[in-house]
Structures are given as structure tokens and as C-alpha cells.
């Protein structure tokens, strides 16, 4: 069900079942892992993935450091005094990151395209970072100072000039875009396939379930690693069109033929009405029902890294919720 003003008001009146606990309990249930992110080296023969919270992932492969939908602000809002507030802080600041070669943006919603984070990244890295954005977003990127932004349409590809053997392909998703009163769907939305000589990565962005994922899997799969959303899915009458639930996320994992998937879009902001740990619990339940190993569709602590190679290794002690 696409968003309308009437539906948005009805959703705002929906009972909130998030039940976010105290900071002390959150530190126990959803701990933030601290490490020296600037010293994370790109592995030679594997993929390193680090979850930064929400849909922000640091992907390291084929000599590149790549960020997905970078979000390091306190609120997912045009004004930092109002709007959805993080209940788990980022594990680091933009200043703590290693050099970022590329950034992919899935769509223009505030929790995925954050002005403060974009300008901070641009101030630090400038034209040394390539931005890959959906069709229609380049004018906004130019206005905020990002000169090295490339618009990509569905099923089209681009690359970082110094790494022409790694392709960034924009692929469909079921979502929508909006940042202002009169810009509904003026910017495209979608998912990203990042394909290198040895490894393939899929970033789902924000999406409801649709048949496009089978098509993506047939054309570009199998993927060595994927980042798939599992949260902000209740109430279903409102969220189903735009956000998969954990059961649908597991089906996506199968559709795209993902060997390993990281759960994203949960544990950071209250954007749906479900209990804050339900995305994790329902994911584990869905994996069990399908007899799929939790190691193949896993969660990480905020700030935690995992190496994906022939044998899966969680770095720095390891953690599975």
C-alpha cells in the first residue's frame, strides 16, 4: 500500500509496541562494538563487512572501501530537533572511518540519505570518493557539494575510475521516494549489485517483497554476501508495500541466491510498531522454519565485522545474538 496522507495519519495513531528499554539494558541486549575503524584493511582474498547500524554497512573487497546508505546522525529527519531518534549510537564518527572509495545510495528517504553525513563525508574525502545514486538524485548531490556523483538507472552500471573491474549495477526494489512536500517519487529507488572479479555483493536498500529479486538472482547471482533489511515491518497493512518482514527477508535471501546475508535496517531507529527485538527473533524463527543455518543469514553487533571467505570468521571474538 503506497503511502498517503490518510494512511500516514492512521499509522501515527497505531499503538507503539517497540518497548525500548533503558540504556543499561540496551548495552546488554544490543551492545555497540568499538574498534579502530581507520585501521581496518581491505582483505586480499575475502570480504570484510562491518555493520554501522540501520542500513549503513562498510564493505571491504577488491581493494575498495564502500559505504551503503551512510547514516551517522542522531535523527532521521530534515531537522535534528525532531523526528525518529536513534536508540543505538553509531559505533564511530565519519572522522574515524578509513578512506572511502565509493558510496551507494538506495533512495532519498531521510534514514538512508542523511544531509549531515553526506556533507561530512564530502568534506573529508571530496572527489576522491565516488557516489553512486539513483536516477534523479544528482541535482541534490550537486547542491550539497558532491561533485563526484553518478546517477544510475535500473539495470545500468557504473564503476570507480581507478577500479574498472568492479561494477556498480542499480537494480529494482519495491519502495518509493520523498524528501519534501511535492517531490513524491521524483527520485528513483532501488537496490545495488557490486560485482568484482572474485566476489559479488548485493545491497537491498529499503524494499517490500517483489519478484524482482528472483530476476536479480538469476542474472547476477549467486552473491557471496548480501545486506537484507529485516525491520520496520509493522503494521503490515501500512508497511508491507515498502518493508519486508523477516520471513520475506529469508525468501529474498533465497531468491537472490545469497551464500551469506547480513541483517540490516533494524536495532537502530523506531520506524515500525513492532517490539524492538522482534526482527531478530522472527528472523531466527523463519530461518529455523526453512531449515537454513543462522550462519548463512546472520546479525552483527553495531560496529562488529565479519570476514566472508571459504570459512566464515567473525572478527574480534565473534557474536551471534
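Backbone N, Cα and C atoms are what each Cβ position is placed from, and that goes for glycine too.
Proximity of residue 175 (Zn(2+) 1 binding site) to non-local residues of its own chain (separation of 6 or more, Cβ distance below 8 Å) is seen for 106, 107, 189, 190, 205, 206, 207, 208, 242, given in sequence order. What TrEMBL records for 107, 109, 175, 206 is Zn(2+) 1 binding site.
The secondary structure of residue 265 (Zn(2+) 2 binding site), as reduced to three states from DSSP, is coil rather than helix or strand. Annotation comment: TrEMBL describes 111, 112, 206, 265 as Zn(2+) 2 binding site.
The domain 'Metallo-beta-lactamase' annotation in TrEMBL covers 65-266.
Apart from the site residues 111, 112, 206, 265, the chain places the Cβ of 54, 55, 69, 71, 106, 107, 109, 205, 229, 232, 271 no farther than 8 Å from the centroid of the site's Cβ atoms, the recorded Zn(2+) 2 location.
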